[in-house]
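Colleague: Below are the structure tokens for one structure; questions will follow.
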Amino acid sequence: MVRLANVPVGVTEQGSPWLLPVAGRHILVGGATGAGKGSVLWSLVVGLAPGIKAGLIAMRCLDPKSGMEFAAGQALFDRFAYDSDSILAVLRDTTATMLARAQRLRGTTRCHRPTRAEPHIVLLVDELATLTTYADRKQRAEVDQLLGLWLAQGRAVGVSVIAAVQDPSKDVVALRQLFPVRVGLRMTEATQTAMILSTSAHQQGARCEEIPDTTPGVGYVLTEGNTAVARVRAFHVTDSDIAWLAANFAPPACRGSNQGHQ
């Protein structure tokens, strides 16, 4: 079964399933080192795996930390990039696909329906801040423009961004409102909670800075259209789980190579 509207990623404080919407949404995950960002991201990959195997979801992974976090699951990804040149190439290609798809769908439908010929694209970004810190000013400006296009236009044409950030900055805050779903894990300062979620969420009790460092994956989630914040915990995905997933849920080979950084 392919889930895009409600992807299971953990449990809520009340013990019910924690479901995150991916279709028509972008998701921002913030947290300090060791807070469990990887748990949230990998739980999303697990939840989307049936769609990946069916060829209805094309996951493109940008892992700028030398590929260390997501290399084990490389077989699952339509594209996998971990250096500046390959990352920029994926950004450009994804943007071209998105704009062409928008042109094709304009006037015919308001909602993209994934098929094997035209899958839902999920762009997984392990560290959002690195995309805006290119040394070359021209490249940095291009990345900012491409990212802005995805966040503003991608939702309607089957392109979702799932991004993680470790140290919220003014650049991230400027983009925050373009992420309808925001997850705040353990932070080091109260101001960071407000940057990722919102000031009102912090006032409601989403105190990410008070989450113990012994509970990775615990955090608060704020979803567009719902003013209440929920306390949640992501599943723990082990290296063995990832290896099994990569061996059993790789996408159809006919949809292009996912090997190496490209």
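Count begins at 1; order follows the chain as displayed.
Note: Cβ is positioned from N, Cα and C throughout, glycine not excepted.
Here TrEMBL flags 15-194 as domain 'FtsK'. Annotated ATP binding site per TrEMBL: GLY31, ALA32, THR33, GLY34, ALA35, GLY36, LYS37, GLY38, in sequence order.
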Colleague: Tell me which of the binding-site residues GLY31, GLY34, GLY36, GLY38 sits in the most Cβ-dense spot, judged by other Cβ atoms within 10 Å.
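Modeller: Neighbour-count leader: GLY31.
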Colleague: So if I draw a 10 Å sphere around the Cβ of ALA32 (ATP binding site), how many other Cβ atoms end up inside it?
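Modeller: Around ALA32 (ATP binding site), other Cβ atoms within 10 Å: 19.
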Colleague: Around the ATP site formed by GLY31, ALA32, THR33, GLY34, ALA35, GLY36, LYS37, GLY38, list the extra residues of the same chain whose Cβ is within 8 Å of the site's Cβ centroid.
Modeller: GLN166, LEU185, ARG186, PRO216
Colleague: On average, what pLDDT score does this prediction assign to the domain 'FtsK' (15-194)?
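Modeller: So the average pLDDT across the domain 'FtsK' (15-194) works out to 89.
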Colleague: Name, in the order they occur in the sequence, the residues of the same chain whose CB lies under 8 A from the CB of ALA35 (ATP binding site) and which sit 6 or more residues away.
Modeller: LEU185, ARG186, MET187, ILE211, ASP213, PRO216, GLY217, GLY219
